[in-house]
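S.K.: Let me begin by handing over the structure; questions about it come next.
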Amino acid sequence: MKFINNIVPIVTVDGPSGSGKGVLSKQLAYILGWNLLDSGIIYRILACEALDNNIDMCNEDSLQVLMSKIKVSFINIKNSFVVYCNDKEIKKNIHTEFVGNLASKIALFPKVRDVLLKYQRTFCVFPGLVADGRDMGTIVFPNAIVKIFLNAAVKVRAQRRLDQLQKVNFSVNFKCLSSQIKERDDRDCNRQLAPLVPAVDAFVLDSTHLSKNEVENKALLFIQKKIGIINY
């Protein structure tokens, strides 16, 4: 793959909770040999750090200061991306719906988003970047060479989240989980600052009736059309 003007190539993968964007982004980063940015994990880490430090979740200034002290990295170790915060591996579970809802609420604060916007853009380094989030293609990297928006029916997304949480021994009620996902969708899609919407030039992919491999193959085909041959 050849790129002009020394511009770092970026693939953005946006979508709601449970759409499969995290799995797809990690696989694309591995196949392409590029760096990974999972913006949702950064928000979740910020929420957990705020809880651990007894910081008021409604205190925007305190959250902004806390975020400025956090350094997150995604390291590919044996074909699996491991998350580090301030050079320490994140071992506690940050993928619960409780933490996810806190992260979604934190994302409403303009000052926090401003700090995160600048920080997320520091991940844009060669050989390339796969950025996973909700506003990667619209706000953070609007000039990305490839933009993908992944979605799925709420029931399917809720079941995926249920399966994911049960694997790490979390007991969750399906109806409650579905309700939480709908609530989060509403908050993410209707917020005034960086709402969850597909970029106008995004490849919109509905994964409701697709397997992980089918989603991956469709995404790779789209990337090939945009940037050239990929060996995988």
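The backbone N, Cα and C atoms fix where each Cβ goes, glycine too.
OK, Swiss-Prot features for this one:
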type	residues	note
BINDING	Gly15, Pro16, Ser17, Gly18, Ser19, Gly20, Lys21, Gly22, Val23	ATP binding site
S.K.: What other residues of this chain sit with their CB within 8 A of the center of the CB atoms of Gly15, Pro16, Ser17, Gly18, Ser19, Gly20, Lys21, Gly22, Val23, the recorded ATP site?
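M.R.: Along the chain, the qualifying residues are Leu24, Leu150, Ala152, Arg157, Arg160, Ser207.
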S.K.: Tell me which residues of the chain lie with their Cβ under 8 angstroms from that of Ser19 (ATP binding site), as long as they are six or more apart in sequence?
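M.R.: In sequence order, Leu150, Asn151, Ala152, Arg157, Ser207 meet the Cβ cut-off.
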